[in-house]
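Participant: Please read through the structure below; I'll follow up with questions.
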């Protein structure tokens, strides 16, 4: 009689993307952590009656048949004992075919073509080139192209998607009872009120809902800067301490989740949430982009005309430098603490309203890279997400193309020379109504495609895409939110991503997609989003963000 082991030595995880159904024959794939054991007993049961629903309290019917088998884990083919062979999954077949075609093309046909030209042109001086051309271009070229195509297809089979949670200020207020929405510091208020437990619980609620990337307490790192804390009567040293504390709270939540028996995935990432300069102003300007000098041409005023652009290029250059100083100073607060920097897996530069600030962020990361090299510290993957209220750019007379170029292209300087600044690991859109995000995403995708074609970028230079719209509509003047059903929101976002990936007019060139929610996208919406995506998302591909960054 089998018994339940409450603390098993290892647990198998179902791989939905690698499983398939051929006719009436299901092929199920699992992954099992490695340990000293070389075999694994499996008890299985099956039946023809389905549960009454997918609910937790659904009625289950008794299985009609059952059995037991032993897997020989020392056999790399995955064959169970008795000689029965488990067929390869479609994903495994694609990977094997990719390896075969690429190896034949690169390791056999290409060298053979070179040797053919090197040694046979002496003996057949008039016809050697024909044979060389057939081997080098026809045989090798076709094999390599097929191999590359299969490699791309294998990435699509695994799925380059993973869930992100964000903007916990509203979650703290709704779920933990911490007042944040009408304060200058938003969720940093939770740290000031010693409500760190509430912050950790908010992180945990997202992790249990299916998030695999948790961002630091939004306004503790996103909205706050030393100047913001100073306005609240907090000195610079304590301000830096509180900003770092937001990262430590996320780390505590991560550790707690990994020790929880409900933990579904042991690969969790902590993203440092960093907002624009406009988020530190009062009233905030992240959705309007009217910055005071030297960061912009004019401070926001409720009377008169507000402007985004400068009359002189030199003023624009000075504003970019001032914004770069601002962002670098904040990033250095986190990178100067070894323990905090080790916690951070990636950096999210979010809700950026202006093209000049996009360029300034790249300059800040250029300085950060130099600073980290002097300290012998690792660089982190990072992304820039733009904010397009109502689906259109904040900056007047600008296009989404300008934001993409600002994030990815070489930047002309005042002297006329091009500046090759660091390129983010991903770009995208956040803090926008889900109803308005699709048109902006299509325009962004077209801009990335055009830039890639114009510059001839290698696949490793193409950024990932990040998408995390708001869960409800926010009215800025009243600071009030409307309500939106969790399931319909999640399904709408999933449909948008599906259409984006299969856009017939513009190919989806992004190696992977980060999908999540911003303001008012609480654990309920993230849970529904995880269900709507099903087996199309996997956290394991987040590692590719770091691998991508190392190549650029």
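Think of each number as a place in line: the chain as shown, counted from 1.
Positions of Cβ are set from backbone N, Cα and C atoms, glycine also.
Automated prediction, rather than curation, is the source of TrEMBL annotations.
Not measured: the values here are computed from a predicted model.
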Participant: According to TrEMBL, 518, 519 bind Zn(2+); which one of 431, 508 is listed for that same site?
Facilitator: 431
Participant: State the residue range annotated as transmembrane segment by TrEMBL; the candidates are 45-69, 70-94, 95-119.
Facilitator: 95-119
Participant: Please indicate, using numbers and ranges, the residues of the same chain that are 6 or more beyond the transmembrane segment (95-119) and have a C-beta under 8 Å from a C-beta there.
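Facilitator: Distant contacts of the transmembrane segment (95-119): 88, 128-129, 131-132, 135-136, 139-144, 146-148, 150-151, 153-154.
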Participant: Reduce the DSSP letter at residue 519 (Zn(2+) binding site) to three states and note it down.
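Facilitator: In the DSSP reduction, residue 519 (Zn(2+) binding site) maps to coil.
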Participant: Any residues 6+ beyond the ends of the transmembrane segment (131-152) with a Cβ under 8 Å from its own?
Facilitator: 94-95, 97-106, 109-110, 112-114, 116-117, 120-121, 124, 459
Participant: Look up residue 431 (Zn(2+) binding site) in the DSSP assignment and reduce it to helix, strand or coil.
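Facilitator: The three-state answer is strand.
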Participant: Could you tell me the mean pLDDT the prediction assigns to the domain 'Hcy-binding' (150-533)?
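Facilitator: Looking only at the domain 'Hcy-binding' (150-533), pLDDT averages out to 83.
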Participant: Within 10 angstroms of the C-beta of residue 519 (Zn(2+) binding site), what count of other C-beta atoms is obtained when all protein chains are considered?
Facilitator: 25
Participant: Check the binding-site residues 431, 518 for other C-beta atoms within 10 angstroms of each C-beta and report the one with the most.
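Facilitator: Of 431, 518, the one with the most crowded Cβ is 518.
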